[in-house]
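Here's what Swiss-Prot has on this protein:
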type: DOMAIN; residues: 8-126; note: domain 'MTTase N-terminal'
type: BINDING; residues: Cys17, Cys53, Cys87; note: [4Fe-4S] cluster 1 binding site
type: DOMAIN; residues: 148-378; note: domain 'Radical SAM core'
type: BINDING; residues: Cys162, Cys166, Cys169; note: [4Fe-4S] cluster 2 binding site
type: DOMAIN; residues: 381-444; note: domain 'TRAM'
Amino acid sequence: MSITKVPKKVVTLAYGCQMSERDADTLTEISSQKGYVRSQELEQADLIIVNTCCVRESAENKILGKIGELKHLKEANPQLKIAISGCMVQQPGALERLRKRAPHVDIWAGTHNIHEFQRLLEEAEEKGKVAEVWEKPRETQESVLLAAKGKLKAYVNISYGCNNFCTYCIVPHVRGRERSRQPEEILAEIRALVETGCREVTLLGQNVNSYGQDLDRAYDFADLLKDVDSIDGLWRVRFMTSHPKDLSDKLIETIAAGTHLCEHIHLPFQAGSDEILKGMNRKYTREYYLSRIAQIKVIIPQVSLTTDIIVGFPGETEEDFEQTLELIRQVRYSQAFTFMYSKRSGTPAAQMAEQIPLDIKKRRLQQLITVQNAQSLAWRQEMIGKTCEVLVEGPSKSNPDRLTGRTRGYELVVFPGEAQLIGTLVQVLIQDANSWTLFGECRADRH
């Protein structure tokens with residue numbers, strides 16, 4: 001009589017940006033090579049991986065709370081392995097502090113050595129606890145693993161790190177200086193993903209617009225987009241994040257000319273005041289940013305623009321804040337990701353005078369959200385009566401009886417439809433809208 005071996009289960013939790021999600025997928029795939037299968041049930045897991053974020057204090061507090069919650073699972077199942085990785089662990093001096101706070105964790109890894117996770121997991125299984133954080137990246141290595149194989153949508157790293165050093169941002173300190181992947185490696189990964197069923201890729205980098213500046217040949221982000229656009233079987237190409245100072249006319253024209261390059265640009269402006277932009281070390285002015293927006297709208301008239309905004313940066317006056325609100329009204333973003341400034345240890349902004357009180361930051365954030373919600377609603381209401389191409393992603397989270405997907409402009413659409421439409425491109429007539437969602441009726445499918 002043969003005994004069927006029950007596979008071990010891994011649950012991976014990702015916090016923070018899309019790059020953190022991509023790293024979490026990589027860690028999951030590495031675990032699968034050790035025989036683990038993906039699961040969503042923490043109580044049944046044999047391995048729990050938490051890939052962390054440290055961009056804002058609120059994110060860190062949420063992660064620390066989750067790590068604390070895992071302690072009772074470890075007590076109930078001493079064979080359970082818990083691994084914590086990513087940006088929070090990579091911060092200078094963080095490892096010792098975190099290990100003292102969470103002695104139940106088995107594996108600690110930073111951002112530079114996630115491709116070493118199989119070795120770390122083996123060491124933890126054989127010897128017990130292991131902690132390894134590389135101070136600097138030793139190589140630009142992207143695993144051949146297809147971290148998102150079989151998925152409709154995938155994130156693909158094109159570069160790592162950042163050279164901009166915005167004064168509020170911890171990312172260059174935990175991700176290192178900018179390193180571009182070789183284009184052949186990126187294109188090979190995307191082609192392989194398409195073979196497994198992927199139809200949309202999002203190219204990731206802290207600043208995709210500066211991709212290629214460290215390569216040994218003249219090859220920039222626009223060149224990469226052209227090559228990705230030509231891959232057979234790929235329906236959509238997105239990218240993030242773009243730094244305004246590096247957004248060239250060549251890049252805008254490439255997006256406009258592309259077949260599969262989505263008419264959506266995420267272009268963070270962060271603040272509408274030149275004084276605050278200077279303090280942030282953003283390396284552009286309000287006027288320059290608006291000139292880039294104007295050029296985008298001329299070359300890509302149907303473009304959907306999204307952005308990131310920070311309120312309450314040190315020294316921000318009411319006049320500075322009003323300039324931010326005015327810029328929002330002028331540009332008309334379809335969506336904005338809004339945040340209160342969060343002091344990050346080790347960044348120049350953390351040492352600046354005139355730190356803004358929390359109550360003022362909260363008030364400004366609420367004002368900002370109110371203004372942007374009105375802009376988002378107006379943008380979406382203008383789409384009522386139009387027919388949009390939608391990539392169907394799955395059941396709606398708010399109403400499982402309906403399907404959901406996104407337009408090329410990244411607008412979320414909810415509509416009635418059968419499950420067999422998932423993974424296809426359909427035409428949806430937009431009939432209603434709120435500030436966040438379009439509602440419609442499926443008229444035809446393309447693929």
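Numbering starts at 1 and runs along the chain as it is shown here.
Using N, Cα and C of the backbone, Cβ positions are placed for all residues, glycine too.
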If you count other C-beta atoms within 10 angstroms, which of the binding-site residues Cys17, Cys162 is the most crowded?
Cys162
Sparsest Cβ surroundings (other CB atoms within 10 Å) among the binding-site residues Cys87, Cys166:
Cys166
Treating G and I as helix alongside H, and B as strand alongside E, what does DSSP give for the domain 'MTTase N-terminal' (8-126) in helix, strand and coil?
62 helix, 25 strand, 32 coil
List every residue in the same chain as Cys169 ([4Fe-4S] cluster 2 binding site), at least 6 positions away in sequence, whose Cβ is under 8 Å from its Cβ.
Val55, Cys162, Arg344, Thr347
Could you count the residues of the domain 'TRAM' (381-444) that DSSP puts in helix, in strand and in coil?
4 helix, 37 strand, 23 coil
Could you name the residues, excluding Cys162, Cys166, Cys169, of the same chain that surround the [4Fe-4S] cluster 2 site, i.e. Cβ within 8 Å of the Cβ centre of those residues, in sequence order?
Asn164, Phe165, Tyr168, Ile170, Val171, Pro172, Gln206
